[in-house]
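According to TrEMBL, the ATP binding site annotation covers GLY10, ALA11, GLY12, LYS13, GLY14, THR15, ARG127, ALA200. According to TrEMBL, the feature AMP binding site maps to THR31, ARG36, GLU57, LEU58, VAL59, GLY85, TYR86, PRO87, ARG88, GLN92, ARG161, ARG172. For CYS130, CYS133, CYS150, CYS153, the entry in TrEMBL reads Zn(2+) binding site. Per TrEMBL, the feature domain 'Adenylate kinase active site lid' maps to 127-163. Among the features that TrEMBL reports, region 'NMP' is placed at 30-59.
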Amino acid sequence: MNIILLGPPGAGKGTQAKWLESERGMVQLSTGDMLRAAVKAGTPTGLKAKAVMEAGELVSDAIVSGIIGERLDMADTDAGAIFDGYPRTQAQAESLDGLLAERGRKLDYVIELEVNEEALVERVEGRFTCAQCGEGYHDRFKQPRVEGTCDVCGSHEFKRRPDDNAETVRTRMAEYRAKTAPILPFYEAKGLVRRVDGMADIEEVSRQIAAILDGQG
Ligand code: AP5
Ligand code: MG
Ligand code: ZN
């Protein structure tokens with residue numbers, strides 16, 4: 001099964017993708033995570049992407065479609081791919097169709113996380129992740145069970161994203177409205193779009209997504 005999780009910054013795409021990985025053995029393909037890894041490693045892609053990401057703008061379609069194509073060639077994605085933060089433009093949506101078709105694969109669902117933008121600023125500003133395993137947390141909504149210790153790997157080191165400040169979040173949301181939300185009709189026309197209430201608590205959103213994947217949504 002191949003699905004897209006679609007929604008603005010802080011909608012919960014990464015949170016739900018990680019849950020699907022652990023529950024269903026699917027693989028999260030987050031272009032944001034891949035780009036952050038490239039920035040950290042100082043690769044040519046990372047050097048091009050760094051300033052664009054810090055400004056909250058979109059990295060070029062050619063770069064992201066290139067990294068997704070490479071990732072789809074790794075065998076672990078055969079178990080099912082969760083596209084998180086990709087595609088983000090009409091051009092990316094069209095190249096994803098091509099990338100999947102070339103590999104004899106197809107999209108099963110596009111799951112839109114419906115959210116209230118004002119609440120998202122708080123979600124994004126309060127977010128932090130484990131520096132070792134990447135598990136996601138939140139100052140208010142999802143603290144580690146033992147303060148200062150990652151639930152998953154036991155690490156004591158956490159980090160915050162440089163683009164998670166109120167001003168950059170506004171730019172990221174504007175980019176979503178202008179370039180990403182307009183791709184929904186493309187997928188509506190194919191009958192692939194399903195909606196979940198992204199304002200519900202994390203477990204409830206997971207339940208709604210599971211119902212869709214099990215054909216009951
Ligand atoms: P990316 O990394 O994709 O960031 P984003 O789309 O802005 O989304 P976020 O990761 O901020 O939010 P999320 O939906 O994953 O929320 P999360 O689950 O963490 O992209 C970053 C940048 O990279 C872009 O700005 C762009 O520059 C570049 N880029 C990436 N892909 C690109 C592409 N395809 N094309 C061009 N450029 C690209 O949740 C947020 C917080 O809320 C967490 O703390 C979580 O614990 C909490 N939370 C989650 N769900 C709930 C809930 N239901 N209730 C309460 N709290 C919740
Ligand atoms: Mg994310
Ligand atoms: Zn960890």
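Indices start at 1 and increase along the chain as displayed.
A Cβ is built for glycine as well, from the same backbone N, Cα and C atoms used for every other residue.
Heads up, TrEMBL stuff is auto-annotated, nobody curated it.
Location within the structure of each feature annotated in TrEMBL.
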| residue | record | contacts (Cβ under 8 Å, 6+ apart) |
| --- | --- | --- |
| GLY12 | ATP binding site | LEU113, VAL115, ARG123, GLY198, ILE202, VAL205 |
| THR31 | AMP binding site | VAL59, VAL64, ILE67, ILE68, ASP84, GLY85, TYR86, ARG88 |
| GLU57 | AMP binding site | THR171, GLU175 |
| ARG127 | ATP binding site | GLY10, GLY136, TYR137, HIS138, ASP139, ARG160, ARG161, ASP164 |
| CYS130 | Zn(2+) binding site | TYR137, CYS150, VAL152, CYS153, SER155, GLU157, PHE158 |
Just to verify a number: CA distance, CYS133 (Zn(2+) binding site) to GLY14 (ATP binding site), in angstrom, no decimals. 14
Sort out for me which one of CYS133, CYS150, CYS153, ALA200 has the most neighbouring CB atoms within 10 A, since those are the binding-site residues we care about. CYS150
Measure from each Cβ of the binding-site residues GLY12, THR15, VAL59, TYR86, ARG127, ALA200 to the atoms of ligand 3 and list the residues where some distance is under 6 Å. none
Listed binding-site residues (ARG88, ARG161), ranked by Cβ neighbours within 10 Å, top entry: ARG88
Looking at the domain 'Adenylate kinase active site lid' (127-163) alone, can you tell me the average pLDDT? 95
Could you tell me which of these binding-site residues, GLY10, GLY14, has the greatest number of Cβ atoms within 10 Å of its own Cβ? GLY10
Once CYS130, CYS133, CYS150, CYS153 are set aside, which residues in the chain still have Cβ within 8 Å of the Cβ centroid of the Zn(2+) site? ALA131, GLN132, GLY134, GLU135, ASP151, VAL152, GLY154, SER155
Counting every protein chain present, what is the number of Cβ atoms, excluding its own, within 10 Å of the Cβ of LYS13 (ATP binding site)? 25
Going by DSSP, is CYS130 (Zn(2+) binding site) sitting in a helix, a strand, or coil? strand
List of residues, in chain order, with Cβ under 8 A from that of ALA11 (ATP binding site) and at least 6 apart: LEU113, VAL115, LEU120, GLY198
Same chain, 6+ residues apart, C-beta under 8 Å of the C-beta of THR15 (ATP binding site), given in sequence order: GLY136, LYS142, ILE202, VAL205
Quick one: which of the binding-site residues (ALA11, TYR86, ARG88, ARG127, CYS150) have their CB closer than 6 Å to ligand 1? ALA11, TYR86, ARG88, ARG127
Since the record lists VAL59, TYR86 as binding-site residues, which of them has the fewest other Cβ atoms within 10 Å of its Cβ? VAL59
